[in-house]
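K.L.:
Got a structure for you, questions after.
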């Protein structure tokens, strides 16, 4: 049984359709990336699944219970950080941990969690949260989301404001907790980071889910490209077309050739030499989430 | 509910810092009664809590306004509501804590008044410093009951506009200007009779209530009915405003 399930969820703001028949699920121990452009409906969906917003139709269930606007006992086992960390300016980091831990009969060990999320050092100590940097607030927000020993953690832009070292530490922490069976639903514009972290992707655009897949499946839909710059790029395009390859002029004064069976950097070099072209640069671009996402979104817009 | 109350208490101490109001309410009457109020005005000074009455009234507005608006301003309203508790539980816990904080500030003002009186007696003798305990304590209980009305209005405004400044302003204006507004509405009653039952006039009359015959007759003459009916109407207004405030809070998507 899925830990979190959204079935045919719809929400209008006046005539604007913020969510349109949205369905997807999150399984225990999985890290799910919820991706989409600004205004796609990510935060609206997150607010609906945390009981913060009424929806027009559909159903959200978490841990076997329907999530309602008024009261949902199961929410005791859901941690979240939506849009920005919810911080009381005059509380210290420890005050926050104590405050949010009260909600649970069996909370995490506060000091252990503070250590894990890196909010136990001299920088934090007795300082009030109003004096924290954005990165410190973000770490605190993540610690707050974890303090009730949740089964599911919803994180909206968790890496916001974090330095590379912190990003690495938070990524390791999320992976470790997912290994212990905690599910994560993460929305982020840092797609490289999400590519490293997420097991599954759910792509939302204009309030509709346009793709659900595992990260591996999603990335395998895209093919690597060979970028080549020659003394005459137009001649290179003609030679590649003659060989029956998929080819296009690139935006950086180069030629883009889709890698397929038998079409690799070596074959492209050979073809250029055969056409008496001087190769100035050649590189194989690896598949990345950002490029493929752009492609999927652009296909979706064209169809719409 | 106990967890919610503990959390509200933690916020009251660290965020609203109501104890600052309690300290002010304690110190003011000591200063005023010891150094500023002459012997022949001492007794009157006790009834106004040595000038701390105004501090208590302002603190009531500030504390009740901050309770909700701070949650909206800090963005903590989301984790507050995305928990296992119902919105009604959250709402009731907040109201209980507001009243509790108010009673603590009021108690602090009463203790300050008694301390000021004691210091005055030690330095000036005991002449004209008697307190008639029954009306004095009755006065404080009436204060608490009447303040429930201001809380209701301030809470409604703070939930409607989510602005601390607006809610505090309304609270202060109501607590210091109710009698003025009531006087204006009393004048308007001659044009439209039912206006005499407006909430501000009812509150203004009841705030003068002392249980004595003369006062009772004055109220009965004005409203043309028994005093208990006026009380019932006041309670009805209170219930309506609190229910409306809760409905506003309950419907709010955050």
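Cβ coordinates come from backbone N, Cα and C, glycine included.
Pasting the relevant annotations from TrEMBL:
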type: TRANSMEM; residues: B:18-38; note: transmembrane segment
type: TRANSMEM; residues: B:44-69; note: transmembrane segment
type: TRANSMEM; residues: B:90-116; note: transmembrane segment
type: TRANSMEM; residues: B:136-157; note: transmembrane segment
type: TRANSMEM; residues: B:164-192; note: transmembrane segment
type: TRANSMEM; residues: B:228-249; note: transmembrane segment
K.L.:
Would you say the transmembrane segment (B:228-249) and the transmembrane segment (B:136-157) are touching, if the rule is that at least three C-beta pairs must lie under 8 angstroms and be 6 or more residues apart?
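P.N.:
By the criterion, they touch.
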K.L.:
State the residues, same chain only, that lie 6 or more residues beyond the ends of the transmembrane segment (B:228-249) and have a CB under 8 A from a CB inside it; answer 'none' if no residue qualifies.
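P.N.:
Distant Cβ neighbours of the transmembrane segment (B:228-249) are 68, 87-88, 91, 95, 148-149, 152-153, 155-156, 159-160, 197, 199, 202-203, 205-206, 219.
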K.L.:
Could you tell me whether the transmembrane segment (B:164-192) and the transmembrane segment (B:18-38) are in contact, taking contact to mean 3+ Cβ pairs under 8 Å with a sequence separation of 6 or more?
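P.N.:
Answer no: the transmembrane segment (B:18-38) and the transmembrane segment (B:164-192) share fewer than 3 Cβ pairs below 8 Å.
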